[in-house]
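Annotated features, as they stand in Swiss-Prot:
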type	residues	note
DOMAIN	6-315	domain 'Protein kinase'
BINDING	Ile12, Gly13, Arg14, Gly15, Ser16, Phe17, Ala18, Thr19, Val20, Lys35	ATP binding site
ACT_SITE	Asp149	active site, proton acceptor
REGION	318-470	region 'Disordered'
COMPBIAS	359-371	compositional bias 'Basic and acidic residues'
COMPBIAS	437-452	compositional bias 'Polar residues'
COMPBIAS	459-470	compositional bias 'Basic and acidic residues'
REGION	544-571	region 'Disordered'
COMPBIAS	548-564	compositional bias 'Basic and acidic residues'
Amino acid sequence: MSLGRYTRLDEIGRGSFATVYQGVHTKTGTYVAIKSVNLSKLNKKLKENLSSEIHILKGLYHPHIVALIDCQETSSHIHLVMEYCALGDLSLFIKRRDTLGDHRYTRDMIAKYPNPPGGALNEVVVRHFLKQLSSALKFLRDRNLIHRDIKPQNLLLCPSPSSYRSGAGSGAATVVPFKGCEDSFNPATGVDSLPLLKIADFGFARSLPATSLAETLCGSPLYMAPEILRYEKYDAKADLWSVGTVLYEMVVGKPPFRATNHVELLRKIEKGEDRIKFPEDNPASDAIKALIRALLKRNPVERLNFPEFFENEVITGPIPGLLADDQPSISRHRSVDPGTTEVPPRPDSRSGTSVPSGTRREREVNREDVYSPRSSPRNQKPSTPPTSTPMRRVGSTDRPPSAPKESEPPMAYPQRPNAVSHATAPGRQELLDRKATTTAIERQRSRNTYSEGSPRLDQPADKLKEEQERAAQDVAFERDYVVVEKRAVEVNAFADELAHSPRIQGGLSRAAQAGAISRRATVQGATPTLSSPQTTTGKAMQVFSGRSRADSTHHRQASYERRYGQSPTSATSAISKALNMASGRLFGMGFSPPLTITKGGRSPPLAYNPFPAYPTAHGSLMIIGDGAKSQVALDEDTKTVQVIEECATRSDVVYGFAEVKYKQLIPLAPSIQTDPSAKSNMSGVRDTAGSTDGDLTVDATVTLSEEALVLYVKALSLLAKSMDIAGVWWTRKNRGETFGDPVMSRADTTGALVGTRINNVVQWVRNRFNEVLEKAEFVRLKLIEGQKRLPPDHPSHPSNHSVTSSLGAGSTDIVVSSGVTAEKLMYDRALEMSRAAAINELTGEDLAGCEIAYVTAIRMLEAVLEDDEVPGLGPGKVDTSKDMYDGVPAEDRQVVVKLVSSIRGRLQALRKKLAILAKRAPTASVNV
């Protein structure tokens with residue numbers, strides 16, 4: 001397949017959204033890597049992030065950074081043409097260290113510098129790679145860039161530069177890569193006869209001044225700095241921790257800290273107390289070990305800083321043990337290219353909408369997927385080897401004159417959108433126990449603790465304070481949603497910990513009848529029915545989509561690999577503001593199971609089903625509190641399960657009510673509009689790509705958006721509480737306070753059932769939360785769009801929003817009309833449903849539907865009364881000394897409590913009537 005000046009060859013890797021091919025420059029025969037990204041799989045936000053990522057890398061030319069050579073966009077794909085690294089990545093290099101002597105490109109290296117039996121790589125090779133890595137990092141730091149995902153999988157290797165000058169020798173390179181710039185394959189440091197290292201995957205890279213602090217959780221867990229794992233603000237020193245872990249792995253052969261899950265990983269780092277141990281037979285020098293220990297300091301203030309790192313003797317000094325043939329000459333031949341002297345010119349033409357050839361980009365959106373072991377270049381055989389190709393690499397003759405070189409002053413790079421947080425980043429136990437109302441305060445305390453020591457200490461106090469304030473302003477936009485993101489990470493970490501706990505898994509095997517609720521692998525793949533990814537552009541919906549999650553088995557591969565998934569970021573600052581606006585609390589987690597709450601509904605319009613669709617697979621989940629009396633005394637564990645399930649069920653009822661509003665905002669697909677039978681089943685696909693609202697007026701759109709938003713936020717709060725209660729239970733369980741006497745077989749069986757049921761709820765809550773966040777973001781955008789379309793004199797028009805009425809400090813603050821609250825909407829709806837059910841009951845119409853309506857009304861009113869205490873008081877049990885409880889006046893709460901009691905009475909009477917009718921039915925059939 002031809003792509004402009006390149007011919008696409010065999011596939012060498014595949015990711016979630018992209019396929020990587022080996023390619024060759026048509027005229028010169030030099031090799032490239034071509035990543036083809038399928039645009040149909042990208043939502044708008046992922047496209048924007050990809051563009052920003054390309055934009056931030058424009059003008060970055062360095063021999064130890066993988067170059068983006070060209071970028072061509074067609075109607076269906078984006079093709080990224082990158083430098084080809086024939087030796088794969090450093091992780092494969094270390095993994096296959098015992099077979100490097102058989103590879104044509106590394107045979108000579110192993111002959112001169114054999115790998116020691118007690119370590120991973122020869123120290124000469126280790127120091128060589130470290131020098132080249134530090135050269136690239138210094139280049140980035142001079143431009144205020146932080147990579148944020150340094151790991152062996154993102155360090156790509158090319159054959160030694162000398163192999164291109166070996167003629168027809170045994171070590172000569174047969175796959176000559178296309179050059180991104182003049183010095184692409186001329187090392188800035190290190191040994192010319194050893195493989196060339198290049199940093200790839202700038203998916204997490206962003207501009208970060210030296211005194212600024214970031215908060216976004218990103219990176220690969222095994223190599224992630226502890227301050228990121230602790231959800232604290234961090235600076236560029238986070239990269240140095242990652243360098244320390246990579247250096248340790250090159251020396252020892254494995255990462256310094258390993259665990260089965262992220263929570264345990266952080267615990268091991270903390271438990272180690274900066275005592276980095278090496279195997280007794282490890283031959284690494286004291287200088288290397290000292291550097292590793294200086295880099296792997298838990299406290300970033302104590303950690304080696306960049307100037308000290310760049311000036312370390314291991315970086316600046318000669319390499320001990322280097323053979324005479326490899327000793328550096330007086331002047332490095334950086335300008336000498338291998339092969340012939342003639343340089344074929346690079347064409348100036350571009351096909352499609354392409355980025356200038358100077359554009360830089362890392363290898364791909366999903367590095368570890370694309371460069372998997374199966375796609376290692378060592379196993380690749382090019383379809384068309386460039387046997388007669390000039391050995392001189394091309395690509396530098398047509399470099400734009402304005403292309404910045406390394407010697408030029410640092411450029412001003414745009415600040416890219418914040419990167420994705422890993423779906424299973426760890427959450428500390430104390431964070432799981434923390435109440436939502438104190439989360440922001442306590443996190444702010446931890447940030448302040450760190451930020452005091454982060455800037456350079458040699459600056460005057462006043463200047464230091466000034467820079468701290470400026471740094472805080474620089475990341476203020478990020479902080480708005482990072483709190484939500486951290487909450488999301490905590491919840492998902494807890495859900496993963498629970499799902500993969502040996503005790504829970506043991507419970508699953510002993511109590512299989514409980515039936516785990518399976519959850520789908522991806523968000524978009526399971527629910528394309530309500531919103532297309534092109535329209536739902538919010539970060540909130542993208543927290544954890546696109547990667548496989550664990551169901552009831554322990555698959556942890558994705559835990560230690562960064563995956564963009566279907567969407568690269570987590571909850572947005574706007575969602576955070578919406579949450580603040582509507583409930584005063586911050587929530588975040590992610591998921592959405594393919595539930596059928598919209599099927600078989602009776603009223604109101606758009607197939608709203610008043611009965612909760614909360615999953616009750618195999619009777620493992622209980623719904624209580626609807627008037628039925630408890631027949632047995634419940635132990636503490638069973639009560640906990642009931643409280644969690646009740647809270648989740650209430651959230652499901654609120655979610656169903658919000659769906660009514662949401663679906664009216666989405667135009668029906670043409671097939672549903674023309675098919676009457678399809679209109680009765682709203683689980684069909686909806687087209688959200690259009691910008692029209694059907695027959696809705698602007699006022700109606702704004703009203704529906706406001707109501708849907710506050711209802712979704714209420715559902716989020718209930719889901720968050722369910723997870724908090726489960727977190728408290730799990731903490732007690734880990735302290736041995738939950739299951740009782742382990743010797744008792746009955747207690748053990750009960751504990752297994754409890755663990756299984758709670759795990760089912762936790763996984764369901766995680767999935768539902770992601771769906772709610774996704775839809776809340778869509779509604780938020782609809783609300784903003786609708787408010788802008790209102791007449792200028794309308795109270796809800798943005799020009800009429802006062803500073804005091806808006807929440808947040810950004811340009812995307814959300815303002816809802818006065819009186820629009822979830823509690824009022826829920827109360828009115830419950831009252832309407834109960835009245836309609838009472839009328840039908842009196843007339844004897846649809847008694848089964850009356851029962852459903854009564855139960856749903858009770859659940860909705862219980863949600864109004866729900867408090868934030870964990871484990872908290874039940875509905876109706878309120879501290880009467882408070883004038884206001886969760887935004888509801890005490891007098892109003894009493895009215896709601898009385899209404900709940902009244903509906904419970906009607907429900908009991910109705911069920912007695914239904915029982916009598918059920919007994920009569922068999923008798924009547926016999927008589928017939």
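All positions are counted from 1 along the displayed chain.
Using N, Cα and C of the backbone, Cβ positions are placed for all residues, glycine too.
What Swiss-Prot annotates, mapped onto the structure for a quick look.
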| residue | record | DSSP (3 states) |
| --- | --- | --- |
| Ile12 | ATP binding site | strand |
| Ala18 | ATP binding site | strand |
| Asp149 | active site, proton acceptor | coil |
Alpha-carbon spacing, Arg14 (ATP binding site) to Asp149 (active site, proton acceptor), which is rounded to whole Å: 20
Rounded inter-Cα distance in Å - Ala18 (ATP binding site), Asp149 (active site, proton acceptor): 20
Residue with minimal Cβ packing [other Cβ atoms within 10 Å] among the binding-site residues Ile12, Ala18, Val20: Ile12
Nearest-integer angstrom distance between the alpha carbons (Cα) of Val20 (ATP binding site) and the residue listed as 'active site, proton acceptor': 21
Ile12 (ATP binding site) to Asp149 (active site, proton acceptor) - Cα separation in whole Å: 23
Recorded positions: Arg14, Asp149 - member with fewest neighbouring CB atoms within 10 Å: Arg14
